[in-house]
Structure formats: C-alpha cells, structure tokens
Amino acid sequence: MTGQSKREHRAGLLNGFAAYGMWGLVPLFWPLLKPSGAIEILAHRMVWSLVLVGVALLVLRRWAWAGELLRQPRRLGLVAIAAVVITVNWGVYIWAVNAGHVVEASLGYFINPLVTIALGVLVLKERLRPVQWAAVGVGLAAVLVLALGYGRPPWISLCLAFSFAAYGLVKKKVNLGGVESLAAETAVQFLPALAYLLWLGAQGRSTFGTEGAGHAALLAATGVVTALPLVCFGAAAIRVPLSTLGLLQYLAPVFQFLLGVLYFHEAMPPERWAGFSLVWLALVLLTWDALRTARRAARNLSAAADAAQGAGGAEGVGAVSPDAGAPSAASGVTSGVTSSVASGAPSVGPAVGPAVGPAVGPAAGTCRQES
C-alpha cells in the first residue's frame, strides 16, 4: 500500500467511525427536542433534510439524476415506497428513544443483518450456507428468549429491523447515490410533512417557535443530524473495503446499547442479557462466515487470474468473473452493508443504517443507517 493509499484508507476509516459514531450517539439528540412529540420531530426531520440536501445539490449542480428519475415511473414508485418505509423506521426510532426504549431500539439494528438475510431467502430466493442458517436460527431463538423476558414480542426491535431491511431491499432496485436518494425520498415526504406542521400550528399545538429560539434551532438541526453522517459514510465507502464497513456498522447499535444501559439506566434483567448474548453469537457466526467466504473468493479469483496469465491469455483473465467464488446469498457483513443507507441507515447500502437511519452504488449511498 502506497503512502497515498494509506492516507486514503486512514481518511476512510475516520469517516466511517464518524458516520457510525454519530448514528450510535443520536439517542442523545432526540430527547433534547422535547416537548415536541415524535410525529412533530419526524415531520421537521423530513422538511429540514430536504432543505439541506437540496441546497447541497444546488451548490454542487448535481440535478441531472432528477430528470432521469422523473422519466422512469417504476423507479419513482420504488423511491416512494422507500420513503414510506423509512418514514416508519424514523418515526418508530424517534418515539422509542424518547419513550425510554433505547436498548430495544438498539436490538433492532443488531438483528437487522439477520432479517436482511431472511428477506434475501424469502424474496430474492437466495441460498444460504450452513453457517448462515445457524446464525438465523440462533437469532430466532434470541427473539423468543427476549419475548419471554419482555413479556411480549420485542415489537420495536422487529419493526425497526424489518422496516430497515425492506428499505434496503427497495434501495437495491433504485440504485441512487446517498445524497440523491435522501433528496428524492424527502421530496416525497416533504408535502405531507409540511402540511402536518402547518395543521399543527393552526391548532396551536406546534412547539416550533413557542419553546424559544434554541428549541427551534434544534428542530431545524434534524436536517444536519440526518445528512452529516451520510456524507461521512459516503466518504468512507469509496475509501475502505465493504468488509471493513460491514464490521464498522456494528458500532452504531453497540453505542446505542451502551447509552441505553449506562446513560439512560434502562433495565437489563438476566433473560434480556441472555437474549442479547444469543444475538451477538449469531452476529459473530455471520461475520466469521462472511470474512471466510470473502477470503476464499479472493484466493479463487487470484488463482484463476494467475492461471490465465500463465497461459498467456489476456482473454482468459477477462473471462474470469469478479464474482467468482462469491457467496450465493447476502453474507452477514455484506448483507448488513448492502441493505442500507442515515436514514442513516443503513442501508453498503443500502448494502447497510438507524434509522437514525442508514443503505453501494455509488458506494456512498448504498449503505447507511437511518436512525
């Protein structure tokens, strides 16, 4: 690795840590917006996110994609579906944090890679390797244990995990960059969100402007909280391997879990620890299998290329598929990474985002968390 490559790699890692760090620490932000309710916060997030990314795209003169999108009704419909799904994800996450369910929300992003794999099997008819089946089985056992511990199914976790996995599935079909995707989705959300805020104001129930300038500024900052991690993620995605991003994605739920336990002092009885331990075991299996498969694929590709070169055939090299030896189903690391894209989500994106997030095609926009 050259000096320039090392600097690029280091910058990518720093941006990756920054992106997932911000998504992981976002539970500290939403409580600052009280007494605003979750729906009002959600509406402000939609409005101010569009304002921010709209200005950014205007400055960068990156609008060509919008005309192309408008001429493709199917892609436009998928963007609308993605906007609806991420609206559910964002809203549930904001409500969960402000209602004192940070730990359960973090669980949603721990199990998201498992749900993504399950959707790959059910929707895309992908084939799983034995270790992946084992990981999914352990994850299912974890959900059952947690349901016993909570006295109910962990609905918040399941809603976040399934909505973000579905978001990643739709995003995979849309193939837009991260900032462009956020602009398109928030454009769909904008008018309903603005109408709700105007109605709230007409009812005298809006907190924007009635709780002081500081509170209004915090509501406007929801756009920054949404877009800034995505920008950092984009800078990371073009500089570091997907496998690295796949490992970094776990920083966000780890930080959220630690905040829930250590800062918000949420209860963690033994059965809840047991359930989380099973989830972490499933993720260890998934990550180990993904890294092992990636190394094997790289060795196979390198050996095939060497053999073709040794035969003196440039055509032979061209005939080797870059996907040779790749897994047939989304692996633990890449599926998490390939499912998102702050809201990050992710979803590497989507390839993986809370809905904080956060959805790689450009690498910058395929994996993000949407908390």
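Note: Cβ is positioned from N, Cα and C throughout, glycine not excepted.
What you see is a predicted model, and the numbers here were worked out from it, not measured in a lab.
Taken verbatim from TrEMBL:
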TRANSMEM  12-33  transmembrane segment
DOMAIN    12-146  domain 'EamA'
TRANSMEM  45-64  transmembrane segment
TRANSMEM  76-95  transmembrane segment
TRANSMEM  107-124  transmembrane segment
TRANSMEM  131-148  transmembrane segment
TRANSMEM  154-170  transmembrane segment
DOMAIN    158-287  domain 'EamA'
TRANSMEM  182-202  transmembrane segment
TRANSMEM  214-238  transmembrane segment
TRANSMEM  250-267  transmembrane segment
TRANSMEM  273-291  transmembrane segment
REGION    327-371  region 'Disordered'
- Item | Tertiary contacts of the transmembrane segment (45-64) (same chain, 6+ residues out, Cβ under 8 Å) | 87, 90, 94, 179-180, 182-183, 186-187, 189-190, 193-194, 197, 219-227
- Message: Is it true that the transmembrane segment (107-124) and the transmembrane segment (273-291) have 3 or more CB pairs under 8 Å, sequence gap of 6 or more?
- Response: yes
- Query: Under 8 Å, at least three CB pairs between the transmembrane segment (131-148) and the transmembrane segment (154-170) (pairs 6 or more apart)?
  - Reply: yes
- Run through the domain 'EamA' (158-287) and tell me, per DSSP, how many residues are helix, strand and coil. 104 helix, 0 strand, 26 coil
- Task: Tell me, roughly as an integer, the mean pLDDT over the domain 'EamA' (12-146).
- Result: 91
- Message: With CB pairs under 8 Å as the measure, which of the listed stretches 12-33, 154-170, 182-202, 250-267, 273-291 comes out on top against the transmembrane segment (76-95)?
- Response: 154-170
- Task: Report the DSSP secondary-structure composition of the domain 'EamA' (12-146) as helix, strand and coil residue counts.
- Result: 114 helix, 0 strand, 21 coil
